[in-house]
């Protein structure tokens, strides 16, 4: 297989071999029933998709996969889904019963009016959590499937409306599972597939008929991957490949994942390798270099987070009781509550905290400004969080009272939208907590289930950083599997089980010494490169390590900025000089500059841009946490990039000058005068700086005015565009009107078709009634489907009996009680049956029962006809029945249609057995040709003379018989059957001359 991707060159036979090996060895390779389980979610239009899917499952290969179908069903009707799917697959089909175990190569169907989960390989049925129309059974099953099967969980989303399955897909991906979605263009209803595809988490978008083959490939590769993991690999090769992957992520996304836990990353990377049919990690690293879109796919896989409202409810209850009230204690009017939610994902946690804050202010009748900064590394999830729109499944996490108070429900789409009173509290922003400056002066930090993905070194940097960002006495809220570790000197434990901690007020010296814990700088301009050889790679790593440590220890704090002041890169501990400004987060150094720094920084940047030379501002006093720090500010041009000028800003702390304590001397007086002159000079320099700052501010104001004039022109242009949009909307309205008219036409056509079918049905009823023959149609359950008026003479039927079992009717027969058993016999054997019956009115009827076969060659019931016999026909039938000769009736192919009692006595076969036979069975081998010649003559309309021949009895005896055969023709002169009269020649007659008189 090509390691750089592809893998399509693999032959089908080798895939089958892998699948077969997997299925045969599953008990060894995947202990504890570790086989894949595919959850298939479908709704409207799902029946056709399921038909296509299971029709494509190979019938001759054991895939070793269990399939669980979760279809939206009406609770008012019995499901026929299992019978329908059974037509398209040879796998065993089960309607799920509570407690049913899951086995490979079987299909399990959810019953109506139930939700379903899987736990330890056992399916459990539960009562629906929501009312009809708001249920999310697919999400419910997918959540449990991910928890039970982890990497062997596979989710398939087929045609349907709404968004059921979307939340469950996130859970499956978080556990390392795989997702397939039906292509929207092949879906009858594309709501569910589109909703899942919009998450960016779908591995394969296919038509249903293409899915089984891709499933087989995926499972085969997973099995190969499991086996290859068991083989020892050179550690340095894996490390080099991982470093290459980290570099690609760093260059393409700007984020460094080298400080995440290795095992977590390894699982996500190997899953992407399986999806792309790549065996070795080195091959995948090269594949990333060739396929930028795969870098984004890996990025999304790594960042998958499972979140929901009020996750871990007890922890939020403790937060509400012990923390939220303290945020407002002794707070001065006009101050604001500042909260930071780190790794907010799609926003549920941030909104949950916002709801608790709002509830407390309503209850205590307080009104403070609250700012919740919600940040995440993934811009896609930030966009979703900003919208604040969530599926109906959140009703299982939020009380009805909160849903009504804080959300707006859209019944049509079954979604909930967060209301403005909560939304306005929260500012969502893209931020990487590893490299970007933290927020400051915070009252609460919520960082739940992020630290568990970081290695120990990064955790040791983040915990002190959180302490630095919090006000003294502020609170830290961690995930259930996280803790503050060795930093108990920074935090008091408020609630150990809920992972709530309170910041201690440590002295300034200790806070200053925490710089070594701050995140190391991350740049993307010169990512480390991996040598082709392990030794050189290791040497490079050692050099980089030494350089990094030297820079951290001796280089001043600094920032790389462009001419607008946007921060492109940070180095060292810049928190003393820069902080996040209130409001919408921005990474502009002028906006982030602390008190006292901004004037000097503004003028220095303006001068550096004009002179293109180094600019220094010495003795700048910067206020940090109430104290002033003196710093020397330097701006150095570092050359121009392709599209912008760049400057390096450094903050150098000047060495503290000592003081001489002794007698006042003439020299000291002169020195003091000199110091005073220096102070005056410093004040003049500061005044000059302020003048430059004001001049620069005026220039900026003029630029702003020019920008406002430009914005006004843009607004006028936008107004014209809006006018154009209105015209387009009017055109769209007219197009919709046209569509409505087309739909009306289609509706009329359908009504006409219904009328035609109704007329055809009436014609059929009239035709059947005009024959005068009693006919009854029953289905496979013996329910009456249709009958003709003539049948009421023998069966007491009325129109309302349609749909009732025929066994509930009363007949007029005097000597026939086997109607129901005979009908069942015809259904079981598919053999026609004919009997004669006598009614209480003295009439005779021939009852014929035949299977009802449809155009699709399926048996849908039985057709029963009642033919009234005339007196002549009845007497003729009596003659045949009482005849001392064997009388038979054959069709053109020789199949026996009638068989009188004498034939039964002479040959030994009962009437029931004979009606299943061909007459050729009674002809000895040496008489076969004679028999065929006679049949041909009769078929041509010729009537042969009576002749002597032989027949074979049931017990094997050879009988000498006289045969008289004649053909029966219809009104058109066409032969449709053959009648024979056969008489056995007695033993004493066999000795006489063959020319004796023949029987008449």
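Yeah, the Cβs are placed from backbone N, Cα and C, and that goes for glycine too.
TrEMBL tags one of the stretches 699-720, 721-742, 743-764 as region 'Disordered', and that stretch is 699-720. The Cβ of residue 43 (active site) has 71, 72, 159, 160, 161, 162, 164, 189, 192 as same-chain neighbours under 8 Å, each 6 or more residues away in sequence. Of all the active-site residues given, namely 72, 164, the one with the smallest number of surrounding CB atoms inside 10 A is 72. Here the region 'Disordered' (699-720) has, by DSSP, the following mix of helix, strand and coil residues: 22 helix, 0 strand, 0 coil.
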